[in-house]
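Novice: Before I ask anything, here is the structure I am working with.
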């Protein structure tokens, strides 16, 4: 960490002017009575020397972005191939449409990671950056909402369970996710060759809306699922939301939602940081939370594969074998 914002150097004209002013004040020091103005020692942090931590996700982090993108695309493609291969038995995973959409969301995120990566210089444009943030957060919002529906509806999402339910949820979830990305899409662009959200007074309403959306989807949604699970279990009202390994997805986005909310409070001066160390710590947490969120595109396919393995191990013994397999096993049994 350190101070990465450098103060502007004085121009020669400014230095000469300052020197003349100092000499005039020195020569007249015996004839003038000075009155010292009151000094406001409680000025806010931004009025003091720059007090921000170095950005961890700068140009040097470009290999991290590229490697994560490649691994995420390969892993998501593998999961999609498994789910859509011709011999796949759909009854092994009643909620396979949700799993497929989670893999698609992870793949979309992986594709746009290089677009928002630093170090690409002049290749960034405002339109491309806005599109990147739209897909970046849209895929994440959709995945979170899909996980919430999967936990709440469980096996009712299987094919043939409730006609039209899966299609309706798919259209609704991705539509809501697209609407939630409008604020960050409109409040982002290219600045200094980097894709970044634009913080300005004119866009404060959009920034607030985006922050609220992140808090609701990444923070409050998993907390609500956990709360409903515990409440139903305590009151004996049934099992509650279906808890499984897929909930591990929120580990990668929950910190991002929390730190983004804190950063908005600080920028809005609703939360004042009293020391430089606190501001530097917040900057560091922002970078770490963003890096953790980026890693979800690699972890999500692995989580899906583990969930599929658990589902097949649980349901396979109870499923009837195909007709050809059963006759073949009967033949082997008679020979023995």
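Yeah, the Cβs are placed from backbone N, Cα and C, and that goes for glycine too.
The annotation disulfide bond is assigned in Swiss-Prot to 51-276, 129-195. Summarising the annotation, Swiss-Prot assigns N-linked glycosylation site to 16, 27, 33. Residues or ranges marked as topological domain 'Extracellular' in Swiss-Prot: 1-63, 117-129, 188-207, 266-287. Annotation source Swiss-Prot lists topological domain 'Cytoplasmic' at 85-95, 154-166, 229-244, 309-336. The transmembrane segment feature in Swiss-Prot is assigned to 64-84, 96-116, 130-153, 167-187, 208-228, 245-265, 288-308; the stated evidence is sequence analysis.
Just tell me what is around each of these and how deep it sits.
Specialist: In this structure, residue 51 (disulfide bond) belongs to neither helix nor strand by DSSP; it is coil.
Applying an 8 A CB threshold to same-chain residues 6+ apart, the list for residue 129 (disulfide bond) reads 115, 116, 188, 189, 190, 195, 196. In this structure, residue 129 (disulfide bond) is part of a helix by DSSP.
Averaged across the topological domain 'Extracellular' (117-129), the predicted model reaches a pLDDT of 75.
Beyond the topological domain 'Cytoplasmic' (229-244), the same-chain residues lying 6 or more positions past its ends with a Cβ under 8 Å from any Cβ of the stretch are 150-152, 154, 307, 310.
If one looks beyond the transmembrane segment (64-84) by at least 6 residues along the same chain, the residues whose Cβ comes under 8 Å of a Cβ in the stretch are 57, 93, 96, 99-100, 103-104, 106-107, 109-111, 113-114, 116-118, 291, 294-295, 297-298, 300-302, 304-305, 308.
Residues 95, 98, 101-102, 105-106, 108-109, 111-113, 115-116, 165, 169, 173-174, 176-178, 180-181, 184-186, 188-189, 195, 197, 210, 213-214, 217-218, 221, 225, 241-244, 246-247, 249-250, 253, 293, 296, 300 of the same chain lie 6+ residues outside the transmembrane segment (130-153) yet bring a C-beta within less than 8 angstroms of a C-beta in it.
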Novice: Who are the long-range neighbours of the transmembrane segment (96-116) in its own chain, taking Cβ under 8 Å and residues 6 or more past its ends?
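Specialist: Here the qualifying positions are 65-66, 68-73, 75-77, 79-80, 83-84, 90, 128-129, 131-133, 135-136, 138-140, 142-143, 146-147, 149-150, 157-159, 166, 170, 173, 195, 246, 249, 294, 296-298, 300-301, 304, 307-308.
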Novice: So among the disulfide-bonded residues 51, 195, 276, who's got the most Cβ atoms within 10 Å?
Specialist: 195
Novice: Helix, strand or coil: which one is residue 276 (disulfide bond) in, per DSSP?
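Specialist: DSSP assigns residue 276 (disulfide bond) to helix.
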